[in-house]
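K.L.:
Take this structure first; my questions come after.
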């Protein structure tokens with residue numbers, strides 16, 4: 001007979017465990033105070049921010065004018081070039097999942113950042129040499145006036161190899177450096193906790209600072225046909241960023257990797273399935289493995305919640321489990337899932353900021369559509385330009401920028417904060433993976449719209465000559481899709497409950513989703 005029991009806990013065992021736990025905690029606290037003075041802090045985080053700015057500068061030195069390079073140098077048409085860039089950009093953010101997984105599971109954040117920066121640097125060197133030796137022929141071509149000769153197959157192959165190495169390097173670096181920088185602040189220290197909360201805002205600022213330099217200085221040289229110079233400048237920025245990153249090596253605060261999380265997740269479902277007939281017990285009686293028996297040694301555990309109670313069966317100790325000398329993780333596993341939802345005394349929660357970003361993004365599509373309507377009305381037939389002032393575009397770009405601030409920073413902080421300690425980088429990468437999905441959907445959407453609207457003799461919504469199209473309708477289509485997305489987001493946000501970790505001040509006090517909660521935690525600064 002399969003009897004279900006709870007692991008017995010005697011007073012003697014409890015007293016002994018309590019003494020050992022208290023002594024261990026005092027030792028850990030003293031070590032943390034000593035080590036926190038020697039490692040981490042604002043200087044280490046500042047180096048990560050400078051590195052982020054320089055790496056972003058080098059990346060956008062390639063990406064910002066990539067459509068023009070494909071059309072002017074490689075001879076592709078606008079639609080093909082735009083689709084190729086959308087797929088490439090999607091690959092960039094998709095690679096963020098790979099970098100985050102390797103970082104959390106095997107290499108650790110420092111080593112992952114270093115290796116992916118080297119991959120980025122290799123790609124930049126190859127594209128610089130390729131453009132110089134094979135593609136920019138004759139010298140100065142690709143400026144919009146002088147056409148380049150058709151590229152050789154080897155030149156084209158090396159070019160695509162280079163840009164996808166850049167995609168791999170930048171994509172794998174982004175979520176890891178974001179998490180590594182936040183690791184430099186100890187959440188258990190009130191002052192550092194405030195700095196950590198502000199770090200993601202500064203991270204976004206560093207990203208935009210690098211992008212601004214690329215979009216102003218490097219774009220000027222590349223647009224005038226000095227493509228090789230622009231690529232070498234990007235290479236120099238990446239090399240300088242790598243130097244700055246290594247500069248802080250002695251003073252960084254390191255978090256060890258916790259192994260592949262996928263088997264642990266699978267173990268929960270397998271153990272639940274094998275114990276499907278076992279009755280549920282009270283959450284306080286569920287057995288949690290600690291110490292050397294724990295599968296996630298050295299990291300905080302998510303506290304139990306009353307959601308998905310069927311999965312609690314994986315944590316119930318049966319008579320068969322007690323008779324085994326070594327616990328079978330595929331029968332015996334704990335995955336508590338969520339805390340409770342509330343407001344945030346510091347202002348908007350991460351979810352609320354993301355919602356605001358969606359609303360502002362919708363308004364930017366309306367502004368873009370209205371601007372396009374007025375532009376088409378003022379097209380001068382003789383030279384096919386519009387008399388509408390370029391300053392009409394200011395509102396839509398202001399709205400796009402505000403939307404990104406709310407959405408990107410909110411997503412980055414949310415996914416990083418809601419991820420368990422062992423998969424923080426993977427959490428950060430989800431923000432970038434959503435961008436990857438958006439780029440792939442964008443490419444697919446453009447193709448679908450043109451196939452539907454360009455039938456027969458019609459030019460379609462997005463033709464080569466935009467004066468013959470209706471890109472304003474495309475913007476309004478995006479507004480409609482964003483509205484559907486907003487409704488789905490609100491429903492899921494209301495359903496979502498933030499996680500609770502060991503060491504929190506109270507149950508359900510995650511400050512991403514709770515009002516009045518302060519999330520206290522330890523920084524796992526073990527090499």
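For all residues, glycine too, the Cβ spot is worked out from N, Cα and C.
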K.L.:
State the residue range annotated as transmembrane segment by TrEMBL; the candidates are 454-473, 474-493.
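P.N.:
Per TrEMBL, the stretch marked transmembrane segment is 474-493.
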K.L.:
What residues in the same chain, six or more past the boundaries of the transmembrane segment (474-493), come closer than 8 Å to it by Cβ-Cβ distance?
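P.N.:
Same-chain contacts beyond the ends: 351, 354-355, 358-359, 361-362, 365-366, 368-369, 372, 449, 461-462.
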K.L.:
Test of understanding: applying the rule of at least three C-beta pairs under 8 Å (pairs 6 or more apart in sequence), is the transmembrane segment (199-221) touching the transmembrane segment (394-416)?
P.N.:
yes
K.L.:
Residues sitting near the transmembrane segment (199-221): Cβ under 8 Å, six or more positions beyond its termini, same chain?
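P.N.:
Cβ under 8 Å, 6 or more out: 45, 49-50, 52-61, 64-65, 178, 181-182, 185, 229-230, 233-234, 237, 405, 408-409, 412-413, 416.
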K.L.:
List, by number or range, the same-chain residues at least 6 past the transmembrane segment (227-247) whose CB is under 8 A from its CB atoms?
P.N.:
47-48, 50-51, 53-55, 57-59, 61-62, 65, 69, 73, 113-114, 117-118, 120-121, 124-125, 127-128, 131-132, 135-136, 142, 210, 214, 218-219, 221
